[in-house]
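Sharing a structure with you now.
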């Protein structure tokens, strides 16, 4: 690795750093060496995380080397090198004036980010460096605990108290192993993230939570989320000593909000009422136990849990405190307009004093609350919700966080802290009240509307000052979007002598930024409150987005100021048919409000962008939402970003109003040069920082490029542009004519695509960083799990290790068809029918501890894990099947799933949601009229979707088949092939047939065609240990001479190699290198797991976009194993709407042969040798390979059709995506 010397420190960097990276590392060293704070902004994609890690760890090593050199020189006492000065030994600490005399004085590095998933990314970067420090990651019990009983607790605070109870009683064997095993090399040495820590703890049966706390003592660098540092209670809980440490806040644009929220609270009537209910329960139990003269079983000495060490009088006093607090809050008079009242921060002490909560009593109250919560931890029941009591305990700690000696309301420190707070009391909008309590202790406020007590901190500097008071050596805040840096430093209220606004590492031809003040019709674009919902503005914005989507290739991101604005805009565009036109250009994916469905939505977007022949996709998101931060939209996933307005906070929100008033007051008190922003400046910056976060999605690395559209006339003002990041400002251009925007953007992308290298194909998609995303979305290969995508040999077949005896042909692709004819273990039973498949897919959940990639939207109903296959290669037996209807049901299930795949590919996200809801309603109500009314608008308007409507016929309930036929003819002009017997339920059709005597006719055991029957010699071959195929060739003209079901599998011989090579050559020409790679990966996966669903999903996405690719789908049958042939042919027919060539299903000429029971007993008979059997079998297979069905000719064949490469996915005349 290159070694760079900066400020006298040698830094090992994984590659030669760019100039901006060297400047960044120099500023970091300046903070560390001079013991000062720094604010460092460096755009996303410039490698700031790597620079931070390498620089800080190199500086620590430099200090350690200096101490070592000084100690050696002192011991030598100048005898060895009398002429050399002491400073020449690298006494860096002495030279810098640092009083670091021993190794334990070397500062620890505390690296904080917003979420653990972001920290995992940082740890992965650390593994890529040459540094191997002692590492520790701090997490909560919710993330780290492996005790089954503790993990069952629903809330975090219950886990905490139950854990403490078990630790105190030494009843947790995981905790008991911590001291013994914490020094083991496997646990102490490697760089472990949260997942690794849990896996190692489970393996060694040691508690990961307490193990991480042990490792913290000796760690060189400690990783933790923000709140562990900013929240005083969390600092105490994790015993974090900040004295002399270097604290780094990565993604620091969130620090301001986190500082304020960690020191604020909202106490609702529901919190107090639930707390009182819990205390009532404990008081009642203790009273009954006292009246009976013996302890309650829950509190007895024999109970494994320690009893409640509280007197009845103390519990009653605690209840009285809560009632008085509730009464004091309800006694505050509010104005009639429900606007609430605001008091100064010191009012909180007056209010709490009425309930006898003071600095003097807080200790006893907190102990009592803690005892009750810990006593009830682990107990089940509706009356043991201790969340209210826990919240009250946290609130008391926030209010009385300052020591009594310096925190009294009259002291200077207390006054300074209270200036940052406001008390706001307002009506409870949620009306979350418990039932009225009827005892004498019950509050009278329950009959009135409750009030919420809010205690809000408006200065992030309050938390920053607390960190400085703890003795932090240096505080470094860094992010990609801190602009304007000067105002950010003012908000923190502590000095930052070192500041940096780094440029980007990209060139000017890689970024295009334009302000679009007017739409194509000349109407002004504005998201101002009075214009955002006007018809003129919404219509013009919709037309502008549609035109931009035509010229931006691949992925396009559109950010709205808020969810209501996005939803209202979509509603307007759907009503005016603008949304349908956008869908025709690029399908729309909308960011959901809920956390659970976000991963699926973003995975669907990634998959659509990566699909071969796709024109891309559009993702509609919200500023400050999940997609605006932490997601990687690099390369084709995000070639353009559109910001539709300035996302100002809600202007009339009480918290926003009070924040602006507070800032104006502070600025006024400090005079014209006061170190505070004005309220209006802060308000504007909230919008600009959200915009900057959205802009940061487009350029993610050195070779990336993209365009930014600022679609609001207010961006044309100089003050708005001044708030943009420094690396963006030089590229901004304001356009007066919308046509010039389209012209310049089209030219930009033409030049970029010619000059920039094509992005490398990825095995996995960008990771979803952040806690909102439970699992990581993968693309462009959404059809495989993360575990398989990481295996190199899946994507490079030539690297796969061959077992001895496997073919080692020169062409690695020729080995793909080997062993396809072997039978796997049958799959477990699956749900039957379309509705059952839909319901089954919604109920499925991933297995814990296994990496899973969420399927894209087109595959959410597809893949299901099969049982592991048993060893193959054993002798195969003829099995007598007594229930021939089961394979039919399995095929029907496969058709249902694949039909859902096709529908989800063709419909938009909103329309697919409507479709699935209609299915659920039809399943529950059996209302065919409602179903038909829903399906008509979805499938009838577009002729390309008529085949989907007709394909739905097979899943309509029998008594509705005829009606559906009539609806189909009415909507599409074509029927579905209805016959009267289709109206008879399957069960009735499958009833046993009675012979003339009234007895049940014998059930046929085996079905074979006439041609197949001619190949069998029952007297010589069947069950006699001899060849199953007759040595005589099939007669000319016999149907058996053509490939039948299960006969098209090529072997690894020359003919098989040529067939495979020809097929893959045609696939590469038609689908491109990326599509062919996907096909190869799917084929390899099919060979390993025998999951036809997965390979069909990939195949459908690749070969059904264009009719000329249909032959590739049909010719794929050469790789399909025999037991999948019938399902594959039916699927081909369903997907293409054409009969499967050369694979006609069994017709009337088939005759059923009942195998006599005597044939199930084997008798050893002399037979031909193994070589003879092999030769005869191979000759038969070769005859099948020689005679190909029409339409499946290999490379160069006429039936395959010419291979055509897809055109560019953009341009003014871009074609509609899909079929």
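Numbers here mean position along the shown chain, with the first residue as 1.
Using the three backbone atoms N, Cα and C, a Cβ is placed for every residue, glycine included.
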Can you identify, from 100-116, 117-133, 134-150, 151-167, the stretch that Swiss-Prot calls motif 'Nuclear localization signal'?
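Feature motif 'Nuclear localization signal' in Swiss-Prot: residues 151-167.
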Please identify the range among 839-877, 878-916, 917-955 that Swiss-Prot labels region 'Disordered'.
839-877
Which range, 789-826, 1017-1054, 1055-1092, does Swiss-Prot list as region 'Disordered'?
1017-1054
Looking at 1178-1185, 1186-1193, which one does Swiss-Prot call motif 'PIP-box'?
1178-1185
Region 'Disordered' per Swiss-Prot sits at which of 267-286, 287-306, 307-326?
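Of the candidate stretches, Swiss-Prot labels 287-306 as region 'Disordered'.
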Report, as numbers and ranges, every residue of the chain located at least six residues beyond the motif 'Nuclear localization signal' (151-167) whose Cβ falls under 8 Å of a Cβ in that stretch; write 'none' if there are none.
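Residues 140-142, 145, 175, 209-210, 305-306, 370, 373-374, 376-378, 386-387, 390.
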Give the number of CB atoms, excluding that of residue 47 (ATP binding site) itself, located within 10 Å of its CB.
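Excluding its own Cβ, residue 47 (ATP binding site) sees 22 Cβ atoms within 10 Å.
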Let me know the DSSP-derived helix, strand or coil state of residue 43 (ATP binding site), please.
coil
Quick one: average pLDDT across the motif 'PIP-box' (1178-1185), no decimals.
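Reported value for the motif 'PIP-box' (1178-1185) is a mean pLDDT of 37.
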What kind of secondary structure is residue 49 (ATP binding site) part of, going by DSSP in three states?
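Looking at the DSSP assignment, residue 49 (ATP binding site) belongs to a helix.
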Below 8 Å Cβ to Cβ and six or more residues apart, same chain only. Which residues does that give for residue 44 (ATP binding site)?
480, 696, 699, 700
How many other Cβ atoms sit within 10 Å of the Cβ of residue 42 (ATP binding site)?
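Residue 42 (ATP binding site): 27 neighbouring Cβ atoms within 10 Å.
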Neighbour count first, Cβ atoms within 10 Å, every protein chain included; then name which of 46, 49 tops the list of binding-site residues.
46
Test of understanding: give the count of other CB atoms lying within 10 angstroms of the CB of residue 45 (ATP binding site).
20
Do you know the DSSP helix, strand and coil residue counts for the motif 'Nuclear localization signal' (151-167)?
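Helix, strand and coil residues of the motif 'Nuclear localization signal' (151-167) number 13 helix, 0 strand, 4 coil.
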Give me the DSSP three-state residue breakdown of the motif 'DEAH box' (250-253), ordered helix, strand, coil.
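Helix, strand, coil within the motif 'DEAH box' (250-253): 2 helix, 0 strand, 2 coil.
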Which residues, same chain and not among 42, 43, 44, 45, 46, 47, 48, 49, have a CB within 8 angstroms of the centroid of the CB atoms at the recorded ATP site?
480, 502
